[in-house]
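Engineer: Found this in Swiss-Prot, in case it helps:
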{"type": "BINDING", "residues": "45, 62, 140, 141, 142, 161, 255, 256, 257, 272", "note": "iminosuccinate binding site"}
{"type": "BINDING", "residues": "109, 229, 319", "note": "[4Fe-4S] cluster binding site"}
């Protein structure tokens, strides 16, 4: 099977859904939700389109939604409006009699895909050879189940953008060094906030299979995987300088997946939840430039008309893979359930799920 045939198989939605009017699609979605009742749970990530998020039973970040799905024992079916690694995490945390569905299998995550399990295993072998048994692996929840399992197997834990600082401190209490993947920016920003100097960090390039950015490897405390979020890496210091010239007194708030330089220049930096709460609690009339995904920025702008809210990058596109989950695919997944056909089920092999859960549980035990 060639690549084009494989891509075609990833999107088997009947063409009729693509030509339906939005009003008909919305009516169909509401009807299925009503008929299924509590047997159906729809988590929606903050970065989802409004056309989809309106049907979410809960909105939040990836781990929060997976935990809510696991607690919702009445739900037989979980139609996850997010991306692939999020649905995987939901499958890991839910029971065997719950079914997790992703409306469009093409909804992946470029950052999660930057850490391939074979590359990670080769990197680990090289790092252990160089540094010995002095390393604790930490993995951002924005990662594949296979990488979470690897970290769980080697005594490490997952982290979120909210608890990365706490988890990094935990890892340092266990050993001398940290191997942080797949997002170098979250790792660098978190380590720096803990007092680790930039010259005490090195970047592992999985293609060159080399450590970069450190003159003295013996002083390295944090090894960062060379990965990034394609959305957040597009925010720049120049954009911050420009918005401050145009709007003196504006507050700049960014996600820690942005580069270190951007985070240092911003007024505030924190997780998606932190950004939402900061905007919600800000005084009326204040001005905000937000460095995160455009769907969320637009939603915050709509929800808080008493504040002036703009994107730090006015030319930013929404997360392309998040946007794969659209109303036609969503309705197709729901109506297929009604017809007794489960499309795009996400199932993590039991051995991988068990080790990935170890990494998740280590983090959750410290929450």
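One is the number of the first residue shown, and numbering goes on along the chain from there.
Cβ atoms are placed via backbone N, Cα and C, with glycine included.
Where in this structure would I find these features, and how exposed are they?
Structural biologist: Neighbours of residue 140 (iminosuccinate binding site), defined as other CB atoms within 10 A of its CB across all chains, total 29.
The Cβ of residue 229 ([4Fe-4S] cluster binding site) lies under 8 Å from the Cβ of 110, 111, 142, 183, 185, 257, each of which sits 6+ residues away along the same chain.
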Engineer: When you measure from the Cβ of residue 255 (iminosuccinate binding site), how many other Cβ atoms are you left with inside 10 Å?
Structural biologist: 27
Engineer: Quick one: of the binding-site residues 45, 140, 255, which has its CA closest to the CA of residue 319 ([4Fe-4S] cluster binding site)?
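Structural biologist: Smallest Cα separation from residue 319 ([4Fe-4S] cluster binding site) among 45, 140, 255: 45.
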Engineer: Going by DSSP, is residue 140 (iminosuccinate binding site) part of a helix, a strand, or coil?
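Structural biologist: Its secondary structure by DSSP: strand.
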Engineer: Excluding 109, 229, 319 themselves, which residues in that chain have a Cβ inside 8 Å of the centre of the Cβ atoms defining the [4Fe-4S] cluster site?
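Structural biologist: Going along the sequence, the neighbours come out as 47, 83, 110, 111, 112, 142, 230, 231, 232, 293, 321, 322.
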Engineer: For residue 45 (iminosuccinate binding site), just count the other CB atoms lying within 10 A of its CB, please.
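Structural biologist: Counting Cβ neighbours of residue 45 (iminosuccinate binding site) within 10 Å gives 26.
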